[in-house]
Amino acid sequence: MDVDVLVVGSVNEDVVVSVERLPDPGETLLASELATSCGGKGANQAVAAARGGVRVAMAGAVGDDEAGRRQAEALEAAGVDIRWLRRLAGVPTGTAFIQVDARGENTIVVAQGANTRVALPAGDVEARVIVTQNEIPPAVQRAAGELAVRTGARLVVNAAPAPEGPPSWYGNADPLVVNEHEAAQLAASNEAGAGLLHRLRERTGARSLVMTLGARGALVDDGTGVHAIPPVVVERVVDATGAGDTFVGVLGARLALDEGLVAAASAANRSAAEAVTWPGARPPAE
């Protein structure tokens with residue numbers, strides 16, 4: 001086995017502005033703070049998985065620029081294997097522009113840059129779990145799913161940002177991880193809770209499902225029924241930017257350790273709750 005978890009996904013430079021509230025359309029607000037940090041859904045998930053004590057590798061792409069060098073160094077420092085991280089000349093590193101309000105809520109716009117050039121490693125990589133998400137080209141995601149089928153890896157698909165409709169290869173997801181908005185969009189349904197998960201399974205054919213509910217915990221459909229993951233009380237929310245990515249990364253790590261899906265989602269939910277207590281998508285340097 002080459003690695004425990006292979007993350008095929010995005011690597012971004014995060015540009016974060018702090019505002020009292022999120023602006024309305026056409027409105028200009030003054031920010032109280034500006035910060036630059038390391039991000040990208042794939043990279044954040046890889047770092048979260050590595051903190052779980054498993055061997056993690058990142059298949060992604062950055063520009064041959066200062067931002068790309070920062071991202072590569074940060075991944076290595078977090079214990080992520082970057083042998084399959086491409087450095088591309090003439091292409092900028094992806095950048096996410098993030099607004100965070102006083103309650104920790106955020107909006108995010110991503111300029112993909114080098115993330116449009118992500119490629120799988122040459123030859124089949126053996127991993128216990130392969131994690132992918134929607135900040136990279138659909139063809140690469142599909143190839144990651146096919147790699148999981150060929151090698152017997154468990155495929156974790158984070159359908160974020162939500163696509164227009166579920167691609168056929170989502171049927172290999174075990175689990176498909178979504179938030180409520182993504183679930184409703186993929187299921188084309190206004191239902192909630194277990195009913196929404198039922199519609200989502202019908203639409204996607206996924207082997208299992210996890211729907212995160214923010215401060216209300218999560219729901220897991222593992223094929224035996226729908227299980228509620230209770231919320232974790234957080235004294236103060238600082239920034240929710242990295243909560244979803246932390247959830248997915250820890251989930252992948254726990255599944256690589258052969259935990260059941262409900263137990264793995266419970267651990268992921270606890271880690272996601274911790275993630276909202278620090279600024280930015282990743283924990284402060286330890």
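Glycine too: its Cβ is placed from the backbone N, Cα and C atoms.
Remember, predicted model here, so these are calculated numbers, not experimental data.
For D245 (active site, proton acceptor), the Cβ neighbour count at a 10 Å cut-off comes to 27, with all displayed protein chains included. The secondary structure of D245 (active site, proton acceptor), as reduced to three states from DSSP, is helical. Positions annotated as active site, proton acceptor by TrEMBL: D245.
Remark: E135 (substrate binding site) has G9, S10, N12, G40, K41, G42, G94, V110, Q112, N115, P161 as non-local neighbours, by Cβ distance under 8 Å and separation of at least 6 in sequence. Secondary structure at E135 (substrate binding site), taken from DSSP and collapsed to helix, strand or coil, is coil. Annotated substrate binding site per TrEMBL: N12, E13, D14, G40, K41, G42, A43, N44, E135, D245, in sequence order.
Sequence annotations record features per position, and here TrEMBL assigns ATP binding site to N179, T212, L213, G214, A215, R216, G217, G244, D245. Proximity of N179 (ATP binding site) to non-local residues of its own chain (separation of 6 or more, Cβ distance below 8 Å) is seen for A160, M211, T212, L213, G214, G244, given in sequence order.
DSSP classifies S271 (K(+) binding site) as helix under the three-state reduction. The K(+) binding site feature in TrEMBL is assigned to D239, T241, A268, S271.
Look at TrEMBL and you will find 4-284 tagged as domain 'Carbohydrate kinase PfkB'.
When the binding-site residues A43, L213, A215, A268 are compared by the number of other C-beta atoms lying within 10 angstroms of their own C-beta, A215 comes out lowest. Comparing the Cα of T241 (K(+) binding site) with the Cα of every entry in D14, A43, G217, these being the binding-site residues, the smallest distance points to D14.
Neighbouring residues of the recorded substrate site, listed in sequence order and excluding N12, E13, D14, G40, K41, G42, A43, N44, E135, D245, comprise G9, S10, V11, C38, G39, G94, A96, A281 (Cβ within 8 Å of the Cβ centroid). Neighbour density around each Cβ, counted as other Cβ atoms within 10 Å, peaks among the binding-site residues N12, T241, S271 at N12. A215 (ATP binding site) sits 15 Å from D245 (active site, proton acceptor), taking the C-alpha atoms as the reference points. Of all residue pairs in the substrate-binding list (N12, E13, D14, G40, K41, G42, A43, N44, E135, D245), the one with the greatest Cα separation is 15 Å apart.
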